[in-house]
Amino acid sequence: MKFAISTLLIILQAAAVFAAFPISDITVVSERTDASTAYLSDWFVVSFVFSTAGSDETIAGDATIEVSIPNELEFVQYPDSVDPSVSEFFTTAGVQVLSTAFDYDSHVLTFTFSDPGQVITDLEGVVFFTLKLSEQFTESASPGQHTFDFETSDQTYSPSVDLVALDRSQPIKLSNAVTGGVEWFVDIPGAFGDITNIDISTVQTPGTFDCSEVKYAVGSSLNEFGDFTPQDRTTFFSNSSSGEWIPITPASGLPVESFECGDGTISLSFAGELADDEVLRVSFLSNLADDVLEVQNVVNVDLTTADSRKRALTSFVLDEPFYRASRTDTAAFEAFAAVPADGDITSTSTAITSVTATVTHTTVTSVCYVCAETPVTVTYTAPVITNPIYYTTKVHVCNVCAETPITYTVTIPCETDEYAPAKPTGTEGEKIVTVITKEGGDKYTKTYEEVTYTKTYPKGGHEDHIVTVKTKEGGEKVTKTYEEVTYTKGPEIVTVVTKEGGEKVTTTYHDVPEVVTVITKEGGEKVTTTYPATYPATYTEGHSAGVPTSASTPPQATYTVSEAQVNLGSKSAVGLLAIVPMLFLAI
């Protein structure tokens, strides 16, 4: 009888080892779109969500979880390269949690925990891999929703993806793994416009090109995904009478006008028009060196129209990367705790202990995008921190605008044991926020000083002005200079051009009165706008632009106020307190 009981226990333990817990969800999205809409050629991010939240179950420190990966998805594995499925995953503080490996015959991905003799009591995180659709699946797939079934011993997860046709209204680049390298396809659709010349050139590559494998084809009878038929690319969609791909050489004739190829560069030109239903595909092969894990060929495509002018969007940089290893993040777990299997709590693995510590009743002025007639008050009270293993609080207020400051209060009570986060420092009422993070026993302090922004708009509106922002952080002083405000003044239109960080933003306002000075200060001071004594009242056709026919007293300023919106989030990161000035223009 004793033997029978032992046998039963062994069977029960084995069943628990391979159960899905603590995997709570499995998701699949396109890496290109970060959504469930994808091309057949896309990389797919497959995420395994681990969570013990709301459960009293624990996990054996050396437990194994097996997940059957659907045959439609596969790891891309090259000969003589590292297996992309083999990896070790850690907490954000560097504590190893588990390792993974994929059996290419059984199509089973195995997660093995790394703490023999321990019991895992707390686990939160996401392990993800990048996979491709199998060639066998793409040969028979149809556009529309497709469901992927991931099976465990006790549960099946079935995320779905909407497979769509290629966008044949613009140039695109696709890639495909081949033995020893990557095959790239640059597709130019005739429907893109009245094109007479196509110039394709590589800008950079980490590998080399096989010039003998540079080929082209022109096709019109595309499949339902808008693609060249994958079963036999050498038979269909070529302008060769034999139906074969034509290698690109100087002697290959029209439509190839010129061709140059070296180890690291390719340049070629095509002359002649494409019909609206035709697609030109140029194929070239990148060889992979043994130590290259990522190939990203940057290709320029320049198009010329029938009137010999370049298109408005002259150059298209097509830079889809191809990887021989999975793009995963080994720091996958935000929370992890394990205790000895005998039940005596003698050690604890701490992933992160962090808290946002602020001066009580700290006032934050936030003005952005949405306006409110009265101040918006947001109060957030964090719970008492009772878990010494992991706690993180992120408080963020955004998309709120007001003429007056937004009052924002954070109160974080702390326990007094050795695991309690650092207490708030500073004096109540100061305009200084101190952030203290306790992570692995280290302490970090950042001090931010209040910032005053001043923007000056000239009366004439033709000079450039400078705005200087000074920020004091950790004792260092940072100065950022922005080139400010140029006006182009017409009868009823003022165009404001702002250059910041090298980017140019243009906003056009109608019926805007001249502005002399606009000064915005944070810390609770109101926005002051000063207008000149007179305004151009009307403009008459036939007069020179910008010359008023009469003047009058300033119009009454009118403000349009919409309902305030508050977005208050809580995530696993250090708290963020943002201070942004708001500039109001009377229109």
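Using the three backbone atoms N, Cα and C, a Cβ is placed for every residue, glycine included.
Keep in mind that this is a model prediction, so the values were computed, not measured.
As given in Swiss-Prot:
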- 1-19: signal peptide (SIGNAL)
- Cys211-Cys261: disulfide bond (DISULFID)
- Asn239: N-linked glycosylation site (CARBOHYD)
- 432-531: region '4 X 24 AA approximate tandem repeats, Thr-rich' (REGION)
Including all protein chains shown, what's the count of other C-beta atoms within 10 A of the C-beta of Cys211 (disulfide bond)?
17
According to DSSP, which kind of secondary structure is Cys261 (disulfide bond) found in, if we only use helix, strand and coil?
strand
Cβ neighbours of Cys261 (disulfide bond) where a neighbour is any other Cβ within 10 Å
19
Given the model, what does the mean pLDDT over the region '4 X 24 AA approximate tandem repeats, Thr-rich' (432-531) come out as?
41
